[in-house]
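Engineer: Pasting a structure here, questions to come.
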Amino acid sequence: MQNITDSWFVQGMIKATSDAWLKGWDERNGGNLTLRLDETDIAPFAANFHEKPRYIALSQPMPLLANTPFIVTGSGKFFRNVQLDPAANLGVVKIDSDGAGYHILWGLTHDAVPTSELPAHFLSHCERIKATHGKDRVIMHCHATNLIALTYVLENNTALITRKLWEGSTECLVVFPDGVGILPWMVPGTDEIGQATAQEMQKHSLVLWPFHGVFGSGPTLDETFGLIDTAEKSAEVLVKIYSMGGMKQTITREELVALGKRFGVTPLASAVALY
């Protein structure tokens, strides 16, 4: 019999959560991660499912996600512990046929529940499914240190933060040409912040929560982790630049345009036109 803990999706979640903790992005129970699956991914492991799956209603119906399975991190769970006990810290859930709630098929033992940011994740999944024609499958939220730091010293403006991150490392424009959305500060774990995040996810694969963290979306766990890692590396460079007195020279507008042409991407127009 196949064991679900050996599946590609459980092993992928173990690696992503462990790597994020080692990066320092997910202290204590900070951060959350969800991966949209297909029925064919989970079907071979039906023997591992709970005999009586718990049902939890969603705070608002999400018919676009009807009958869709996900693997999710748990509420109050520490990323550093996922590798030690996947079944206690992760869960496979499946949305019901009308999108009103979900059953916990596997994991989240001892009456654990999915992350408190599940509304933000599911709403963002809906928008990224539409924006990428189903290509994006991962939503990752973490407390990337230097990205958070920048929200204290830069104007919280999409065009400005995007432009500065592009300048912080040449690869950034290629990796996230659609730029970085940013919200006003909001109380986490609410439908309101979930809706605001999803609205930005219509246009951007990265969304900053000022003084809190970042949301990233991508087609795979590796791509999504790499997206956040790239932005965070640029933010680290910028933090060092500002601590050394600021930029003396940088990548110019003309050079950014040339970079986009070379790699066949269309940079966010408002960030290119900023100066």
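Just so you know, glycine gets a Cβ as well, placed from its N, Cα and C.
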Engineer: Could you look at His204, His212 and say which one Swiss-Prot places alongside His141, His143 in the Zn(2+) site?
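Structural biologist: For the Zn(2+) site that includes His141, His143, Swiss-Prot also lists His212.
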Engineer: With H, G and I counted as helix, E and B as strand and the rest as coil, say where DSSP puts His212 (Zn(2+) binding site).
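Structural biologist: Reduced to three states, the DSSP call for His212 (Zn(2+) binding site) is coil.
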Engineer: Kindly assign Glu117 (active site) to one of the three DSSP-derived states: helix, strand or coil.
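Structural biologist: SS state of Glu117 (active site) = coil.
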Engineer: Just the number: how many Å between the Cα atoms of His143 (Zn(2+) binding site) and Glu117 (active site)?
Structural biologist: 13
